[in-house]
Amino acid sequence: MNAIRVLAAPEPALPNVQSFGHDPLWITIIKAVAIFVFLLLSVMYGVWMERKLISRMQHRYGPNRAGKFGLLQSIADALKMGFKEDLYPSKVDRFLYAIAPVILVVPAFMAFSVIPFGPTVSMFGEQTPLQLTDLPIAVLFVLAMASIGVYGIVLAGWSSRSPYAVLGGLRSSAQVVSYEIAMGLSFVGVFLFAGTLSTSEIVAKQASGGTWEVLGLSIPMPSWYVVMLIPSFLIYAITMLGETNRVPFDLPEGEGELVGGYQTEYSSSLKFALIQMGEYVNVFVVSAVSITLFFGGWRAPWPISLWEGANVGYWPLLWFFIKLVLVFGGFIWVRASMPRIRYDQLMAFGWKVLIPLNLAWIMLVATVRAFRIEGADRTALFTIAALVVVGCLVLFFRFDTVLQRRRETRAEELKQEFELLEEQPAAGGHPVPPLDLPHYHGADRKEISSGIH
Amino acid sequence: MELYVPILVLAVLAAGFAIFSLTIAPFTGPKRWNRAKLDAYECGIEPTPQPVGGGRFPLKYMITAMLFIVFDIEIIFLYPWAVAFDALGVFGLIEMLLFIVTVLVAYAYVWRRKGLDWD
């Protein structure tokens, strides 16, 4: 039968949920401080790398004055923000205005605590996994933290009491929650294969794909989920841009229409620095999640993995870091190549394309997966598979014809309007406003109708 | 419970850093009073008056939030099913198919009533 057989026995040091929660407190503190410092440095040099890379893509030099290759540019920027005036505009809700950046930045850091960096190692004589902690619901925890981060955005916009900030905050939060659904759905395929939500176990499951024996041949299965679940990964790649408000989905910072979005009133001080830091840490969180769920986590890629020492000790930190830099480089590449998309297109894409596609793909994966279960009822399965395919086709044709009909109606309307205009040219003239409209002279003065003076 | 202690440690570190930045910011920067600087930024024109406690906002955003709740709950049901897929087998697959079809009815209704359209 089509049995899945694990190629090699798992290595002794492969952590799972049971390996966590036994560390002494000082080891926990060391690991937490290490992650914290790693993230601070990542934000600094992430900003540097982004500016440098995007400059090169646009035929510029980028920062090259502060330090060699501009390496100290981020430190200079942070110092400058620290010595700027800490401004509280007169209308703002002072408490919420101050606390919003904190709400934005803390969950972003917390989400990193379940990201696996490596296998069990010996740290100062203690055996401990290179991961702060793991939960039976680790991926759900990351999603929860992303949801709490939305509060920071909403409150930042709401407490600013400025039309740009309020609209930017609302837009941004609507976009983030919409893309979060597609993001959550794109994980389901991974859970179907892994059978767990714990990040360390998902990485362990990608150690070896096993072999699939069909017709007497044993076909080795690829071990990274990105190979088997490429549609899930593509959807995730799109949603992680939407979730972190990056180009081409950086609507909140659509400076042509909303100035700075929810951060308009946070004019350059440490509060602004915190917001920026929260956004960058969020980018690193979604990148790290994509590595953990789709790119084999800290495990070495194929040619390196032939070396036995590749997946033991502290080496996996290096593989993880290289993967993180590559995924982050992808973000920058997208930013250099894509224009910003319009808000209604963004929402329509998230709700009308990503979600149905995702659901159809999940049901397809689940049906194929059900064939692998021993002793499954084949007739029932074929019926379900046929139903799923027919359902997808019906959905596709239904909406295709709806769009077709809408296009035809629109063309018909335009034609009628054109004919009307040809008959009576005055019907399509510009609307002329009445001459005695009241003028608006600001908040403090009374409204004066223009007829008086 | 020990699994959650490290998360708290990291949260305390991050919150400590953020609150520290907030508290030192007023002391490191200069203070120069200027009425225009304290107004809400509106590209140089007089700021739009805002009612105390915040203004109104388009209802569209609330509908999006409500729809988000519906689909988020759907995801919460999908996760345990995906994790226990091998144990539930074909029965679980049929049940989930029925559940998704039920949610899709609501989805098609919202789509038809233009709940997913922006202008």
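Each residue, glycine too, has its Cβ placed from N, Cα and C.
Remember, TrEMBL labels are computer predictions, not curated facts.
Remember, predicted model here, so these are calculated numbers, not experimental data.
Residues 63, 70-71, 73-75, 77-78, 109, 112-113, 123-124, 126, 128, 132, 276-277, 280-281, 283-284, 324, 328 of the same chain lie 6+ residues outside the transmembrane segment (A:25-48) yet bring a C-beta within less than 8 angstroms of a C-beta in it. Under the heading transmembrane segment, TrEMBL lists A:25-48 (among others).
Summarising the annotation, TrEMBL assigns transmembrane segment to A:95-115 (among others).
TrEMBL lists A:135-158 (among others) with the feature transmembrane segment.
The transmembrane segment annotation in TrEMBL covers A:179-204 (among others).
The transmembrane segment annotation in TrEMBL covers A:224-242 (among others). Within the chain, the transmembrane segment (A:224-242) has long-range Cβ neighbours (under 8 A, six or more residues past its boundaries) at 175-176, 178-180, 182-183, 185-190, 193-194, 206, 248-249, 286-287, 289-290, 293-296, 330-331, 334, 346, 350, 354, 357-358, 361, 365.
Within its own chain, the transmembrane segment (A:280-300) has Cβ neighbours under 8 Å at 39, 42-43, 46-47, 105, 108-109, 111-112, 115-119, 130, 139, 142, 145-146, 149, 187, 190, 199, 202-203, 206-207, 223-226, 229, 232-233, 236-237, 240, 243-244, 246, 307, 310-311, 315-317, 319-320, 323-324, 327-328, 331, counting only residues six or more beyond its boundaries. For A:280-300 (among others), the entry in TrEMBL reads transmembrane segment.
Residues or ranges marked as transmembrane segment in TrEMBL: A:312-334 (among others).
What TrEMBL records for A:346-368 (among others) is transmembrane segment.
Residues 356, 360, 363-364, 367, 370-371 of the same chain sit 6 or more residues outside the transmembrane segment (A:380-397) yet have a Cβ under 8 Å from a Cβ within it. Positions annotated as transmembrane segment by TrEMBL: A:380-397 (among others).
The list of residues near the transmembrane segment (A:346-368) in space but at least 6 beyond its ends in sequence, with Cβ under 8 angstroms from a Cβ of it, reads 174-175, 178-179, 181-182, 185-186, 188-189, 192, 229, 231-232, 235, 238-239, 242, 249, 251, 381, 384-385, 388, 391-392, 395.
Cβ atoms under 8 Å from those of the transmembrane segment (A:312-334) belong to residues 11, 13, 42, 46, 49-50, 53-54, 57, 117-119, 121, 130, 237, 241, 246-248, 283-284, 287-288, 290-291, 295, 297-301, 304 of the same chain, restricted to positions at least 6 beyond its ends.
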